[in-house]
Amino acid sequence: MSNANDSAKSRSTDVKYLVTQEGFSEEIQQSNLFHKFNAKVPARFVLYFLSCSGFLVSFMMRNDINIALVAMTAKNSTRLTEIFQTNESATLSSALASGDTFDWSPTVKSVIGGSFFVCYVLSQVVGGVAAQHFGTKHVFGWSQFATAFGSLCIPFAADLHYSVVIAIRCIQGFASGLTWPAMYAVVGYWIPLSERSRFMSSFQGFSIGIGLTYVICGFIIDNFSWRYAFFTTGSLGMLWCFLWYMLAYNTPHEHPRITDEELEYIEMNIGVEVKESVGMKVPWKCIFTSLPVWAISITTFGRIWIHYVFIFYGPSFMTNILKFPFQANGFLSGMPFICSYLSSVVFCCIADKMVLKEVMSLTNIRKLFTAFSQIIPGILIFSIGYINNIVVLLIIWFIAVTYITASYAGAMANIVDIAPNLAGQVLAFCQTIHMSASFLSPLAGGFIVTSEVVVERSLVY
């Protein structure tokens, strides 16, 4: 501990010395003021912000194609043509008239959507290993850069052939697959047990990202072009990468602006096994044969399947079945996910309070919130197909999506509970299994729903 304090004081002394020397530019002095300002902000809060915003941007780049595909293939749907004819958006109408759409079948669209997640699943273990060897800062940062660059390239790839779009989506999927294990790997080093559930809510930044994607992209597509949807998400990804490399650090000891008090607090409240895990060999055999790890993986598979029904098919359902135009589609598809971030914060805070007050055992708390995230959405999504009242349907839709986030106070937080020193590697294995639902769900839907007209006629209003 004394070495860490001496190191922090030494860094502070060096900065003061540099600033007081004559001849140094005003730029260096401003940089020092920037460091002093950031020293007053808890480093854990900065990490929370970077984690939340990182997953927000990541899921914007991941899901922009879900709503863009509806516009990119609009001329294939009779219902869409009828909607656009009555839509006041001259830009959208002219885009359709000018042939800025593609003759892609529902199967091709489902392959485009699912290709991302095939490679996403394959890169999970790679992400866990890479985070251990190269650190979260490099793995998370470069994966985000690759995904952002892919989003910027998709409009040009679509003009060439849909196979090029599939190839880019595969690259994006592989890169994005590195992010979750990388971020999980850093939690054990930074976040004490009593704050862990609340920090896990930062991962729910992806819910805001999904919601903003549909709202923002719906507006852009309705008023400009689907191409600008990709340019927007890709540009946001590049901007976030700059912030990440300026502010992110793998461990508290590497952070140049962390206070001595915060460093000491973290050191006193993280497990000994985390401190001793640096450079250790990953016991993959133990992970592969662990029953709790398999329980988390299999349980979460069902939640992911339901989640991606809403994520991938939500925009198509809103337009083709409920007959909403793009801007309303974006709002109604996106708002449940934005609200689900707030619900995740509530669930995680309640879970932390229950842990502190020892209302029940930690294991039972995780099981309780896992049940909330699985059973309630499962029942509600089953009922959606039998509801004719659109208002009731949308209310149930909102409730189902918001309850899914209880998992981050349940099974997803339990990963760090059972292996705080190997959370990234355990998550990599779990995600390899349960995230397979993220591409199996769209693929299954693509093969089942081969005609949008048939689906529309099968519903009674």
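Quick reminder: no glycine exception, Cβ is built from N, Cα and C everywhere.
Automatic prediction, not curation, is the source of TrEMBL annotations.
TrEMBL has this to say about the protein:
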DOMAIN    46-461  domain 'Major facilitator superfamily (MFS) profile'
TRANSMEM  45-62  transmembrane segment
TRANSMEM  111-132  transmembrane segment
TRANSMEM  139-158  transmembrane segment
TRANSMEM  164-191  transmembrane segment
TRANSMEM  203-221  transmembrane segment
TRANSMEM  227-247  transmembrane segment
TRANSMEM  291-314  transmembrane segment
TRANSMEM  334-356  transmembrane segment
TRANSMEM  368-387  transmembrane segment
TRANSMEM  393-416  transmembrane segment
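Between the transmembrane segment (203-221) and the stretches 291-314, 334-356, 368-387, it is 334-356 that has the most C-beta pairs under 8 angstroms. With a threshold of 8 Å between CB atoms, the same-chain residues lying at least 6 positions outside the transmembrane segment (227-247) that come near it are 38, 46, 50, 53-54, 57-58, 60-61, 64-65, 67-68, 100, 137, 140-141, 144-145, 147-152, 154-155, 213, 216-217, 220-221. In the predicted structure, the domain 'Major facilitator superfamily (MFS) profile' (46-461) carries a mean pLDDT of 80. Of the ranges 111-132, 139-158, 368-387, the one with the most Cβ pairs under 8 Å to the transmembrane segment (164-191) is 111-132.
Taking Cβ pairs closer than 8 Å, the transmembrane segment (368-387) reaches residues 299, 302-303, 306, 309-310, 347, 351, 360, 393, 396-397, 399-401, 403-407, 409-411, 414 in its own chain, all 6 or more past its ends. The list of residues near the transmembrane segment (334-356) in space but at least 6 beyond its ends in sequence, with Cβ under 8 angstroms from a Cβ of it, reads 193-198, 200-201, 204-205, 207-215, 218, 310-311, 362, 365-366, 369, 372, 397-398, 400-406, 408-410, 413.
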